[in-house]
Amino acid sequence: MITIDILVESDGWNDEKMLYNITEKALKTIMHHLSLENVVSEISLLFTDDKHMAQINAQWRGKNKSTNVLSFPAFPLKVGDSPGPMLGDIIIARETVVLEAENEAKSFQDHLTHMIVHGILHLLGYNHETNEEASHMEELERKILQKLSIKDPYAELS
């Protein structure tokens, strides 16, 4: 079981319960898919705005702009490692997710779910630094999102 902590820090986000439910469903689907159902850990999600995300992105990545999602693993994991007591933190910027969903003709909830899945996979050691890593991570995202009844987010991009 993984404990989920949600913090909503800006206006415009749906209620905390809905964000918790989306996160819980995504997390359970990921952990089942990766055969990690028995892991005991904790994850924190901060739902914020572009202004705060740009500050965090500048501080931690040297990029003075907002982004959709950032993940901060509590401990560095390699793919396949079992997480420790704290999985890590995920930060999501509302305006960026809304704009991307509109530009890609996706529902906000589906795109938000994708960003949560993407962030959790980063916490579990998955990356997209190389073409091979990106292909592997995208394929995993596709499979997980399909289980969540969400269309392939990369279909139009391929």
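For all residues, glycine too, the Cβ spot is worked out from N, Cα and C.
Annotated in Swiss-Prot:
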{"type": "BINDING", "residues": "HIS118, HIS122, HIS128", "note": "Zn(2+) binding site"}
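Long-range Cβ neighbours of HIS122 (Zn(2+) binding site) (same chain, at least 6 residues apart, Cβ-Cβ under 8 Å): SER71, PRO73. Local packing around the Cβ, expressed as the count of other Cβ atoms within 10 angstroms, is greatest for HIS118 among the binding-site residues HIS118, HIS128. Neighbouring residues of the recorded Zn(2+) site, listed in sequence order and excluding HIS118, HIS122, HIS128, comprise VAL69, SER71, GLY119, LEU121, TYR126, ASN127, MET137, GLU141 (Cβ within 8 Å of the Cβ centroid). HIS118 (Zn(2+) binding site) carries a helical DSSP state (H, G or I).
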